[in-house]
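Over in Swiss-Prot, the protein carries these features:
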- 1-20: signal peptide (SIGNAL)
- 21-1007: topological domain 'Extracellular' (TOPO_DOM)
- 802-827: region 'Disordered' (REGION)
- 1029-1661: topological domain 'Cytoplasmic' (TOPO_DOM)
- 1089-1175: region 'Disordered' (REGION)
- 1101-1175: compositional bias 'Low complexity' (COMPBIAS)
- 1372-1661: domain 'Protein kinase' (DOMAIN)
- Ile1378, Glu1379, Lys1380, Tyr1381, Ser1382, Trp1383, Glu1384, Ile1385, Leu1386, Lys1399: ATP binding site (BINDING)
- 1547-1584: region 'Disordered' (REGION)
- 1555-1584: compositional bias 'Low complexity' (COMPBIAS)
Amino acid sequence: MKKILLSIFFVVFLLIGSECELIDTPPGYYNLKKIDKFQQFSKIQIERNNKTIYSSSFHDLFYPDICEGTIQNIPGSLYFGRSSFPGAQESSNLMITRGTKMKYRVGNGGIPIYKINVLCIEGTLEIPEGISFFNVGALFILPGGVLNSKSSIRFTDLDPYNSKMDPFNFFPGMMVLGGSLSLIGEKKRIFQATRIDDYQLQIEDFKKIGSLTNNIYLGSKVTIYSQQISEGQTCSFSFGASNDKINLTSSSSSSLRGTNCLPISKNDKNIIVHFNCKYLLGGSSESFIDSTSTVGSSIYITGDSQVQIENFTLDSIGKTTNKLYNDTKLIFSNDKPNQVIDIIKGENQRFRNSLYIEFSNSVVIKGCAIIDRVKESRAPLIFVSSNVSLSESLIVSKSGSNLIAQYGTEFIKSKLNHYFLIPPLPQPFGLNSPINFPSPFSMDYGFEGNGIYSLSPNVQSINDTFISQLIALNFNFIGNRSIITGFDNDCYSPCTNTSILFSNLIQYPVDFKINNSTYFYKLNNNNNDNNNNTNNFNLLNINNENNNNDDNNNNNNSQNHYLLNINNNGNSPGRFFTIKDLVASDTVSAYLPNSALVFNNLNATENFSFNGTVSRLDFINSSFNTNLTSTQKFFDETTTTVTNFQNTYIYGSPETTEPPEKVFGSSITPIYYFSKSVLDSLKVETVYPNEPHKMFFNSSVSLSVKLNNMGLKTPIICIFSSNGMESKEVQYNPISTKCSFLYVSEKLGNHNIRVTIKNEYSKDSSYYFIIDFPIITVYGQSLFNAGWQMIDPTSTTIIPTPTPTSTSTSTSTSTPTTTNNNQLVNDNNNKINELDGLKFQGGCIKTLGCQLSSNAKYVGGLPNVTASSTLNSLFSWGITSDVQYDPVIIDLFINKSIATLQVQLFFTFYKPIDQYSSPLSVSIQKNPVLVMEPFAGDQPFSKNLTFVYNNTQSLDFLNISFTSRGDIYLTSLAIFSVSDSLPQIIDPITPTLLPIESVKASKPAILAIVLSIVLGSLALSIITILIVKHRKRLSQFLSKSNKDIEYAQNNEIEIKVLPKITSHSSYPSISILDTISSDSIFNNQIPKNNNRYKFKNQSLNNNNYFNNNNNNNNSNNNNSNNIIYSNCNSNYSNSNSNNNNNNNNSNSNNNSNSNSNININSNSNSNSNSNSNGNNNYQIYSNKLESFKIDEISNDTIPIINSTFPDEFQTLEFQKLAFEILKREKRLDFSFRTTNDILTCCALSDFKDFSNFPLRFNQSIITFGLINGKAKLGETYYDTLSITNDSTIRFTAFLILPMDNHSATFTSDHSSFDLGPGETFSIKFSITLHCTTRFFENFSIQINSNNIKEMYTLLKIKVESESSTRLDFNDIHFQELIEKYSWEILYRGTVGDKNALLKLIKLKTKNCEEAYRELNIISRLKHQNILPLIGCVISKDYLCLAFEYPPLGSLDYIISKKKLKMSITQKIRILIDVAKGCKFLQQSSIIQKTLRARNIFLYDTNENAEVCAKVLDLTSSKTIKGLACNNYIERVDTPINLTREISIIRDPKQNNDFNNSNNSNNNNNNNNNNNNNNNNNSNNSNNSSSLKYNIHSFAVLSYELLIDEILVGDTRKFGQEKPSIGLDKIDPNIKNFIHKCWNPIDGFTFNEILKTLKDFIESLN
């Protein structure tokens, strides 16, 4: 017999822990009790017009005091009979008292079951199988009461002589107020059948039952449901020759329906059979609940009740109809607040349904038939704020909905259910009808004819079947519902200032979970095969506004049928709606003018098309496999602002699938394919550019399409075409698997480029793919027109700006306290500076040219988001909306005579509201130019957006607005005019978006833009391309010495010579830079890197322009083997100058033969005195040549962030914590080395595309023979490059290698060589990888001759390492500080693109070996409940460990911040995972010293998930052997609650065993068998000593989780009294379990703990 559920694990908030108010009523009525159902939730006090408004109608529960005056049982009674209740008569009112356990039986004085009027249960009643009916008028389960029934229950009318009136119409029926209800039927009654013929069905499940089928279902009748008979028909039947077939009794007369059957339609694909044994005396009885009451009955469950209903039938017991709710109203006395003087009884009381459940976290309904077809009800099932699992059930109703999921019901799981609906008749809903426009106060929803009506998007529908509904799944989102619920963290609709709700900023994206559900509907009720229509995910309606805007939206008055309807209820702003894995074969319609709709993995087939209105429409990883004609288009009826295709294939011609109108922000890159078979052999992997691209006049961009050829043998060509160029054929390169084309911008304006990929030999119009690239916009040079730095004019902060002059453009800023006459922002006097007649303004001052909406909020102290201190100063202030999603509006003065303007905006993303993306929208002159662009990330970053506006109306002011959630800040704004001397722009678009990704800071116009903002300089910044003069031949310098070197070139790079670097670092660590002046080797040779630049590759196709100004380079070099590089254009990010004079004086004193100087000029003013002792081994070092980069934090600094939880994220602070990678052996080569930036700069083209390059190479990519393999760490690989001179000229060649770094060592056996005509020279390369890395680098070869200028080419190295735990420190990023201990620091951060838990351990003499040993241990820990180690980096002073970081964070965070409301089942499931992890550690001889909530991390709260929680071993653990050998425990943050366990480990009686075991291990290193034996002996010794290391900690953890509180102070100590607070409200078995674990000596082992917890789970299920 199944174990009886005895307990309630959560705090019961009804009646227990709070007193109920007693309400007196007029004579004839039951007195009432009043409680606040929402008292466990925080109240939301809303004020409007200085009045507090609050609706208590839904919060307050009034229920009749029906148990008053009942007859209580005799204490200790075991059986439910007349003798157990003294004085009980027929129709008595009875009470089973608390602590009494009774079993129902008839006879021996038992009360007849049809004579119970009222039964109240505080104890336990068990009704066994075999009872025909348990008749009762009112069944009331009070807090703590338990009813377990395997027999049927029938509700009857209340005895008028022994009852009063119930004003709220709960009874007749059942009310459960915080108790436990278990209704378990023994036999399955619902089966899916297959039609064989008109009167024969096959039931596959009967094959499993076999010959017992006849006995189980003997004498039954069947009720058959299908899409043609959604109301069902009851038939007699007999078994066929085989037990899996049933024969129906036929009749030609429909009047015999109910005893015989009409034929089954051949079009019925979904047939459900319900074996109905309800009224039969023979055969197996059915377990059901029904009603004979003349006024109806209902089941009302609340108060965190435990509910389990299986294999039961609920037959037509609901009361609430599908008309307007009409609730009972109480008229209270003015003098006595608890006295009701009159009652207006409601005619249609809400929530009196077949089954209404609220505030219950453990509800299981399985295999049930819920029938509600007597009258039009609102819904047979309604759930509010509950966790419900509904599966394998049949729900049949003549109602507004089969199921309504109200507020807070976020965890409903509907799986394998069959929903049949007789749609309601059209209601006379007019424009003024409240049912047509649901009020949030009435919750009058779900009347339309739905399968599932939900106010929560998290309702899951998996493999469900919906029959005959008007809308299978109807989702409604209401922004002001918290006024009713009181949920302080419940805001699925946007929370705006126009909503009633203010308390919560969280805006969840909506991700619908609809997997493989099926929808069938019929056009009418005529049983005609031709009238049946089957839709499998094929009609979708999404609505964003109330129905009063369009009468046609009223689904009750139309024959439209939808699988999914989404109504955003007119809320603005909108949100992201995501639909995954949808298969659509017909029209999809949406009306979401304020929202974004994303289809992910859409499979569009047959007649699919999309129509409606959405703000943003995205198709991701989708395919359109439809047969389109020239007149049929996907988007004929679509209105959208932005349309995005990402990796999406469309079958058909592009001319038939043109997307609708869109702003420039649209990413239109669909992939059209001609033949469905082509996808089996050829696919498109990547397209570049894959987003709108910006470029400047006469510049170039490399267009490319990468293909995945899976067996296509024919040659492929790619034809590039555009409105701005002639078509160009490009041969597909099978080696790079790309088609690449260098596109040169020769016209201004917007260019639509298309590539057609086809068979080279095909002469017809057939093709493989046609791809439209995103729009490419070509701009010209610009003049600064107006700007605005977002600093609060009321602030006392002064942003200084240096004086702009014609001879200096230094970007360094003055100190914050400096003032000068040319300061752009001076908030003391609100001064506006005019330079050359142009204005630059700080703050917004109406009288001086700009206006700002009053809702703008100034925010200072924004974090550094670039590598430039100047830009960081500029971006330190920003504005955002004071109310989220409220647009910030800016009116800025412009010159109306200028026709074309460029508008540049800088935004900083900082302190995200939650873990979801934050959308940004931008409009210019109220026209959208950026729509709901998602910003997301854990770290602050900056984004530059540049737009084009054509001022055709000659406006004086430009209106710019943006909206966000309040976590995106506009930090600066500038407007530029396009030069009139440039050609006319073609195809203007107003306005036009230009994202930052396409902006190259090295371009002259961007320099003008950024530096004009930074310096406030309004002077002309036209960047000219300087003509580079020919330098003297290199041979002249090699043959001469001690002679001044003259430079006539303007654009050159200074590359300084350094001694060969022998550490892993590719650039100096902070510790080196900060002490550079005291280092004689590095003195005056390493340029100061104040901005902490990181190295980054630059595009090969980008031409960099730079103007030097007054560069005086005095170099005294005493070096050898020096070379001069020239003709190399480059640029520093924060420099801009006009070259006037360039005097370079170099004096060289050489102490060796054949000496020459290396001195390549740069833009920086520098005096370099280089002294060396004649060492021939040098490498080249350069300053970083890059523009500022988003999220630039140097790898040699680690952030210290004073934050524990994500929602307490504070301003970044940085600590100079040098992380110097360990040194390795010196290189043997003496190569010239520099960074990839200089290599890219110097190499003017790839040799394969440079037809004039005279050298030929045997390979272009050095792979070291690892094309299809990966390199092992620490192993050296070799490769040879053969170079052949195909010309008639002798060349001198120089090899320039990339800089060494800690991830790899790359060397060559030669640094230079001579190569005569026809000669071949070989260079041997070697590489050694030191960590998990992808060493994809470039190296350059420069050749020189007496007859021609020097030439460059670029080759590549591509080597990837095998996976390991040794990480590349450049991939590790530190974010927020979690904990700091005496010798270790714990961070949250990332490793690559993965979230990680990062731990720094100080490596000192006393614990260095300890750390290595623990690293070795942790790397071997592989268990699903142990937080896995990603890898590590070892430096000179630190060991950095990276662990996997789970998505839900730590248990401590969830408990302390009340982030999740978990059921008892979920909590026990988490404890099981923790126990599994601890058991594994114990078996591995590891003591987890930090077992507490902060070291338990959650992955999932679904109790059916494979893994819910993992234990983090913070490497404070010690092996047992290590503890005994060292005979001490490092007490670093040792938890207080482990004191007792440590004393057990230190037990002297055990030390000898440990020491002997360890000594034995140490003395037998040469004998593996002895070692193994000794290890086993040690483990046996450990087991025999019964050390229960973490039991007490586990008890504390369990206690904290169950009571939802984190213990502090002495309450955690071992030796304290066993806990009692909160335990009196949970199951006594759980309480005993915690008490037993509280003492680790007498407690369980983890094996026993797991068994106990699994027993708890089994009892709950």
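The chain as shown is numbered from 1 upward.
A Cβ is built for glycine as well, from the same backbone N, Cα and C atoms used for every other residue.
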Under 8 Å by Cβ from Lys1380 (ATP binding site), counting only residues of that chain that are 6 or more apart: Leu1386
Enter the number of other CB atoms within 10 angstroms of the CB of Ile1378 (ATP binding site). 20
Can you give me the average pLDDT across the topological domain 'Cytoplasmic' (1029-1661), rounded to a whole number? 58
Cβ packing number for Leu1386 (ATP binding site), 10 Å threshold: 20
Quick check: in three-state DSSP terms, what is Glu1384 (ATP binding site)? strand
Cβ neighbours of Glu1384 (ATP binding site) where a neighbour is any other Cβ within 10 Å: 21
On the three-state reduction of DSSP, what should I expect for Ile1378 (ATP binding site)? strand
